[in-house]
Amino acid sequence: MEAILTDCVQHSLRDFMHSNAIFICERLCAEFPSETNLQLLASCYLRNNQAYSAYHILKGTQLAQSRYLFAMSCFRMDFLNEAETALCPPNEPSVEVPNGAAGHYLLGLIYRYTDRRKSAIHHFKEALSIDPLMWAAYDELCVLGAADEASVVFGEAAARCIQKQYLHHGSSTQNLHVSNEDRNFASVRHLSLEDFSSRQLKHMQGNNIRDIPGNYHHNSTVSGGASTQSLTGSSSNITFYNTPSPMATQLSGVAPPPLCRNIPQNGPNLSAVGADSSPKSTVNSTVQAPRRKVVDEGKLRKISSRLFIDSGTRRSTRLSGDAGANTNAASTMVTGNGTTNSSKYLGGSKLSSMSLRSMTNRKGQTWSNENIDDGIRNETFDDARLNVTSTTSGSSASVDSRSLEHEGATMPGGVILNTSRIISGTSEVLSLLGTLGEGYRLSCMYRCQDALDVYLKLPHKHYNTGWVLSQVGKAYFELVDYLEADRAFSLSRRASPYSLEGMDIYSTVLYHLKEDMKLSYLAQELISTDRLAPQSWCAMGNCYSLQKDHETALKNFQRAVQLSSRFAYAHTLCGHEYVSLEDFENGIKSYQSALRVDARHYNSWYGLGMIYLRQEKFEFSEHHFRMAYQINPSSSVIMSYLGTALHTLKRSEEALSMLEKAILADKKNPLPMYQKANILMNLENFDEALEVLEELKEYAPRESSVYALMGRIYKRRNMPEKAMLHYGLALDLKPSATDVATIKAAIEKLLVPDELEDSL
């Protein structure tokens, strides 16, 4: 009876019938109360996003796997101290972290979110040493800025580790398989064999109904494309088995479109994306557009710190974009998009010309929507997990089985593991992960052009996937090349219309391009796909912010924070909206909340610097700009404002040096050139200032603030006619109402000497 009930639970979990699994498992625990069965019941609740139930079931249990599941329940409920105690009991300092690599990974997350960076890095590296294929641990190391080069992490040591694991499995599998068969037949010994066909018997052998005690708890997956082992040793044949779809729990009044529309059997989306083009041509296809339309895109904001001090801080890298074009809501829901949760950002100011809203929403999201299967290696080894290999590589295995059956061990399901195939397969997997890992590491270090070059080395079939194209879009976004970023994200949507990876950044790209219709349409699509994902509400908030409805935008960003308190980008976007509403106190709180989630979220450091600059707390401003600069030393916008802060502290030489670096970093960014001219004017180097402004006019011929500053310089040089000419040109370019008033006031005082003007 116990075996039958266990098998039923396993089948229900594999078929995503979580409520049925819970019901049957409760019967199992009532009839056969044991800690192993309680583990199975807790895993059912965890997969059904009922961490509180698993928490109460496992509280006080002692087995290693029970402690791991209890820690996972605590983590999802944000009981981080209890989770840490379960993994590392204080009264047993020498006890091993349960569940191998997955246990170290979970412990690393706990240390990360409790501001113990060194301990977090140690455990993430430990997880990688145990399981070199645990990409999630390398992802976290990249986010923390502590990742080694991918060629080292996925090098020879990793290859030896993987080969050792699979060769060990190959030699031990036959004995395991035999014992499994014995147990399966014993479980049906009261039934007549005539009632079963040979196919049914084979099916029972392939889906083991009991766990085999043992110490096979780490690095036990056999197939590269399959999901990780489930809590009880079974595994799924579906690659996205780990993430239960939240579609059934959505609150939308209109049911979202079905997933199957977006996953045709022959994969037309992928073939359409990149079939016959190189990776580079995929993104850079058609005519190469200019890097940045300074004037047409409205990138050059009113930036004079004195003339236009009223301007408000805009989105994190959203250093640009003041336009308030009305957004015609791109209505309706589009074809079905599935759901995955994945998911950074900088404060912007109206004083800016480039938009820095460039945040990569690094690992800001909670695990609440992630399945417990992610990263788990169970302490028991079940032959059912091995059936994954027969599904993913069945055709090739059947072709080569005759020639190889004498060379290696036969795995359950008919797959043959021989040494040469293991070595070649390991080399291919690690080579792929090495390229992906190095590109992602460089991207997290904000060496975006280098990252793009690495991604181009990927094979077409991997480059043209949703995740890679999304990373390409983020890299272009950080380079302030919004047109290319738009192209890359559009291709990512075509390749994976069900994925939300990077969609918060994509919405910011559309915000800067002032594509109100596309942004509205994207927000509607994301909400219909998953209204419980923070990326969806960030896109909706950007849509309202583009329409200058900051209060409604703030509500949407706050909704994203409620859905995932560890989504750093949502906190930063809240800070931007508070600054737009002149609520600096709450803006500071939001930026600080983002930094508690991700200390390397440079957009929040930048946002704090902008607030302190506007409050004339120049030392605080310089400190926060410098922190942002240390994280992202390639940002021209951050260097520009750091130079401005240094100038306000009477450190003009340092300021000019920093502004020169900013100009070299991005020669098409008009902001540092404007700031340099402003400083030169204050130092009374009028000729140099005018030279810089004349050059700046080539990049921003229709920016009124440039002509207004030239008018001020000519007034200081006692040339009222030229000053009047440039003030007039500035008014002709239709600046904002506040700027118009400032320029008219300057015209009225045109004939007043500077000495008297200061006393008026």
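In case you wondered, yes, glycine gets a Cβ from its N, Cα and C as well.
TrEMBL labels come from automatic prediction, so no person has curated them.
Quick look at what TrEMBL lists:
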REPEAT    101-134  repeat 'TPR'
REPEAT    534-567  repeat 'TPR'
REPEAT    568-601  repeat 'TPR'
REPEAT    602-635  repeat 'TPR'
REPEAT    704-737  repeat 'TPR'
The repeat 'TPR' (704-737), counted residue by residue under DSSP: helix, strand, coil: 27 helix, 0 strand, 7 coil
For the repeat 'TPR' (704-737), the mean pLDDT of the predicted model: 89
Counts of helix, strand and coil residues, the repeat 'TPR' (568-601), according to DSSP: 27 helix, 0 strand, 7 coil
Number of helical, extended and coil residues in the repeat 'TPR' (101-134), per DSSP: 27 helix, 0 strand, 7 coil
